[in-house]
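What Swiss-Prot annotates here:
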type	residues	note
BINDING	Cys99	substrate binding site
BINDING	His116, His118, His201	Zn(2+) binding site
ACT_SITE	Glu145	active site, proton donor/acceptor
Amino acid sequence: MSDIKDGNNDHLVESDDPEHPANLIPALCRNFYSHGWVTGTGGGASIKRDNHIFIAPSGVQKELIQPHNIFVLSYPTPKYPPSARQYIRKPLKLNPSACTPLFLAAFERGAGCCIHTHSQWAVLVTLLVEREKGPEGCFEISNIEQIKGIPRGKGKGMMGFYDTLKIPIIENTAFEEDLTQSLEEAMEMYPDTYAVLVRRHGIYVWGDDVAKAKTQCESLDYLFQLAVEMHRLGLPWVKS
């Protein structure tokens, strides 16, 4: 932590601007808590602004996070080992997010914000896909209006009603950081994706900026809930 100066660089998280990352992350987490996405201290969010990465802490009730709880990393920074990460602000008595290397993987793809939730609908679709398609299957859905809220890929515009949305699924691990390699492999296999599902765990969603990451996360959760209900009614996710 040699990069942390006297005073812990508290000025990095002190701002009256509601659009400042240190204010946006607590606001996002409160919003996600109201949806049931980050209960029991689970989940998290991170925002990249210029050469700084702002990250919600680990093990903190997400609806109670305050700006002074936010970690700040210099960017770029190594993903591994954890001791090599360039923290320039570290809240006292709090632990860095175990999601950090996964967030960094999204930022390496040009993301401006990455969100991790423990959405029950996300978990359920991973189980349904496993049962119907096996462990190698991905989530697919088509001919649903909300698909238009998801990008086709970087610089490729938004998906259309008749497109088939595909979201890769990776297996969960005992420790969050151990998901990093599988997440990066899924990103390589699905270069246009803006999300990766984690079986029996949740989802990582990223966007070019905070608003896009948030709305894409909302659109995906809508689609997952709809997919679970469609399956219950015997309706196919992909229209033939």
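Every residue, even glycine, has its Cβ placed from backbone N, Cα and C.
Comparing the binding-site residues His116, His118 by how many other C-beta atoms lie within 10 angstroms of each C-beta, the top residue is His116.
Among the recorded positions His116, His118, Glu145, His201, the ones whose Cα sits within 10 Å of the Cα of the residue listed as 'substrate binding site' are His116. In terms of local Cβ density within 10 Å, His201 ranks first among the recorded positions Glu145, His201. Cβ atoms within 8 Å of the centroid of the Cβ atoms of His116, His118, His201 (the Zn(2+) site) belong to the same-chain residues Gly42, Gly43, Thr117, Ser119, Ala122, Val198, Gly202, Ile203, Tyr204, site residues excluded.
Under the three-state DSSP scheme, the residue listed as 'substrate binding site' falls in the coil class.
Note: the CA-CA distance between Glu145 (active site, proton donor/acceptor) and His118 (Zn(2+) binding site) rounds to 24 Å.
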